[in-house]
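The structure that follows is given in the form of structure tokens.
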Amino acid sequence: MNEQFLARMRELLGPDYDAYVETLNNPPFRGLRANLLKIQPDALVKRQFASLSPSPFAQEGFVLTGSETGLGNHIYHRQGLFYMQEPSASSAVTILDPQPGDWVLDLCAAPGGKSTQIAARIGQSGFLIANEIDGGRARVLMSNLERLGVSEAVITHASPERLCPQLGGWMDKVLVDAPCSGEGMFKKEDRALADWSVEHVRACGQRQQKILESAVFTLKEQGILVYSTCTYAPEENEQVIDQFLRKHPEMELIDCSVDFGRPGLSTGLVDGAKVRRIFPMDQGEGHFVAKLRKTVAQPAVRQRFFKSAPLSSIVREFLSDQLTDLSDLHFHLEQDRLSLMRHEFIQLENIPVLRQGVMAGEIVKNRVEPHHHFYMSALLQDRFKNTAALDENQLAQYLQGLPLTAAAPRGFLCLSYEGYPVGFGKSDGAVIKNKYPKGLRTR
């Protein structure tokens, strides 16, 4: 362990330093979070697939208390019933407290743990803008939102200074889970430890300031901004908030109002009692969270929406064959790719959009070729007309990409296991052609 880092931790923790050092020899905390879009926490526990105890950081969260491995390949994970997440990472969204109907911006969203938690909290009546500046990480974000069945969201790939001016005054809640030096990740990521230096910590603090400067513009009056990191350094936590408050008197620091973790440091305009720090002694690897409120109004940037796309006979026939109800859905067609969701589709100028809503399918040679996201969507999971329930042997075959011999309605159909969709296939009445994505198949 880096001696300079340990010296800083000794100064930061004082009498708790020895307890912190003891945790360095322990395995990292592991956890998972029930996906409230698809399943309730008690129903997930009853499936008895892992040793779980309630997390102190989120009502839908759990700490893994057993030695189970390979949960990322478990069928419930593939079905999007849970998300693997270090326990304290769920604390920021708990403090943000998104509600049904809220418009929420997750400005630094990859890999998607907090975005999927937000999406589940706001449900089908809220709307999420999940942004990630790094292209590779943005694609990981998209795959996680797809797996968990998120529909009411747009995934953007832009810098904060480019995206936020178009969102002025739109947001009820904003999360800035800022890129940081990752001091709480040292046990999990060797690179975080290898990259650590005081200079890197200070550079992160400067970058975090710039991100907050962009984020604040997007808030409505009385809107809430939560700032979080997975690091311990004051230069990236309390000092960032202090500098931000000095520049923005319209923002006020408010109490996080939670029982977990411990108070932070008081410095300048920051009352340490109002922010939360989480250390390994608190059942999580490490997090810092501050909550702020915007106290003045600003003129909002006008929201612009696409008109719902008129549906061709080919598309309407496909949707009518597949779904029991289309009445509450909006549609968008772009380059023969059909998307749908309950909200209107927003227009953003010169912002790369990886996905908006549910990717329903693509029009190919006068037919619709469905997309995996269509059948994984929580919005649609109870609307499919044609379905087939797989037993354990059929499931194993399906995950390997093999065809299934089974009587089923002709055409595309949703395939489920234990009551939850796992994907889709195409039946000729006797054999189901496998449509499980090749990149997800087991070997």
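The backbone N, Cα and C atoms fix where each Cβ goes, and this holds for glycine too.
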Of the candidates D97, D172, D177, D190, which one does TrEMBL list alongside C108, A109, A110, P111, G112, G113, K114, E132 as binding S-adenosyl-L-methionine?
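The candidate from D97, D172, D177, D190 that TrEMBL ties to S-adenosyl-L-methionine along with C108, A109, A110, P111, G112, G113, K114, E132 is D177.
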Identify all same-chain residues not among C108, A109, A110, P111, G112, G113, K114, E132, D177 whose C-beta atom falls within 8 angstroms of the centroid of the S-adenosyl-L-methionine site's C-beta atoms; report them in sequence order.
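Neighbours found: D106, S115, A130, R137, L141.
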Tally every other Cβ atom lying within 10 Å of the Cβ atom of A110 (S-adenosyl-L-methionine binding site).
26
If you run the three-state DSSP split on A110 (S-adenosyl-L-methionine binding site), which class comes out?
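The three-state answer is coil.
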What mean pLDDT score does the domain 'SAM-dependent MTase RsmB/NOP-type' (20-295) have in the model?
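Summing pLDDT over the domain 'SAM-dependent MTase RsmB/NOP-type' (20-295) and dividing by its length gives 96.
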